[in-house]
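Q: Swiss-Prot lists 56-89 with the feature region 'Sigma-70 factor domain-1', giving sequence analysis as the kind of evidence. The region 'Sigma-70 factor domain-2' annotation in Swiss-Prot covers 94-164. The annotation motif 'Interaction with polymerase core subunit RpoC' is assigned in Swiss-Prot to 118-121. Taken from Swiss-Prot, the feature region 'Sigma-70 factor domain-3' applies to 174-249. Annotation comment: Swiss-Prot describes 262-315 as region 'Sigma-70 factor domain-4', evidence class sequence analysis. According to Swiss-Prot, the feature DNA-binding region maps to 288-307.
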Amino acid sequence: MSQNTLKVHDLNEDAEFDENGVEAFDEKALSEEEPSDNDLAEEELLSQGATQRVLDATQLYLGEIGYSPLLTAEEEVYFARRALRGDVASRRRMIESNLRLVVKIARRYGNRGLALLDLIEEGNLGLIRAVEKFDPERGFRFSTYATWWIRQTIERAIMNQTRTIRLPIHIVKELNVYLRTARELSHKLDHEPSAEEIAEQLDKPVDDVSRMLRLNERITSVDTPLGGDSEKALLDILADEKENGPEDTTQDDDMKQSIVKWLFELNAKQREVLARRFGLLGYEAATLEDVGREIGLTRERVRQIQVEGLRRLREILQTQGLNIEALFRE
């Protein structure tokens, strides 16, 4: 028997055939395997139901926290002092009175990979941390201090979900060629090569090389860990000015005044480099190369001063019970 011959026992003994010998399939059985309009409608209703439950839970939570009265400046100091001495009721009062602040901040981070309730939950952790760390004798309003910690915990949660900066693959490949050549030249020349030296090595226009190196620097400058015990990058903590509304004016003014005060505890060179690099004190954020050109220093020297300035700034903030993330963000 050839391999193409159909064996009788290969047939379904219960199969029905039409008059042409073609097996007649059970159309009812087939239709049951495909989703009907009713099935799709049911799935849509289930999805809508799940969404509605999330909305209901959110509204319920917002309704509950709406009954917590805000504290006056005097009440903040009173309850903060008692909380520092271990009074649980005062600690709870400070947390409950600022839950709406968490919601306001969390709403700014919508469509960033986490649901609103998840953002609120993360922000509440930051609020609790702020209550534990807050010292009313330092002159801050608690809302300003808490905002830093709330934003930091939310940003960290979002960071764990996704990175923000993406480059087209052809740009990445071209950039890698320039960076590899720069590394090779730095070993050969015993100094960091200039854009002109890289361009000559690759036989490329200097402007093209400079543009790509500036692109890389803008990315890495905000995507490089700040150092110390922090693995967080400036990308994850720099404020988005579009987030600020009129209601943020008071706490933003407090924050700016604090930043200016701390920057002026650095030496003049460190202060100018950090201000120019990160867009502070009225400067536009600039690359190491651009800053060096403006103040008459090499790119490498500017980088060294930046590292020294951030290290000194971290020390200053630690004496205030803060960290460098709290300064640059949120």
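Quick reminder: no glycine exception, Cβ is built from N, Cα and C everywhere.
Please situate the listed features within the shown structure.
A: Within the model, the region 'Sigma-70 factor domain-1' (56-89) shows a mean pLDDT value of 83, rounded to a whole number.
Through the fold, the motif 'Interaction with polymerase core subunit RpoC' (118-121) approaches residues 61, 102-103, 106-107, 109-110, 154, 157 of its own chain, all at least 6 residues removed from its boundaries and within a Cβ separation under 8 Å.
Counting residue by residue with DSSP, the DNA-binding region (288-307) contains 17 helix, 0 strand, 3 coil.
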Q: Could you give me the DSSP helix, strand and coil counts for the motif 'Interaction with polymerase core subunit RpoC' (118-121)?
A: 4 helix, 0 strand, 0 coil
Q: DSSP-wise, what's the residue breakdown of the region 'Sigma-70 factor domain-1' (56-89) into helix, strand and coil?
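A: So the region 'Sigma-70 factor domain-1' (56-89) is made up of 24 helix, 0 strand, 10 coil.
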Q: When DSSP states are grouped into helix, strand and coil, how many residues of the region 'Sigma-70 factor domain-2' (94-164) land in each?
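A: Its residues fall into 53 helix, 0 strand, 18 coil.
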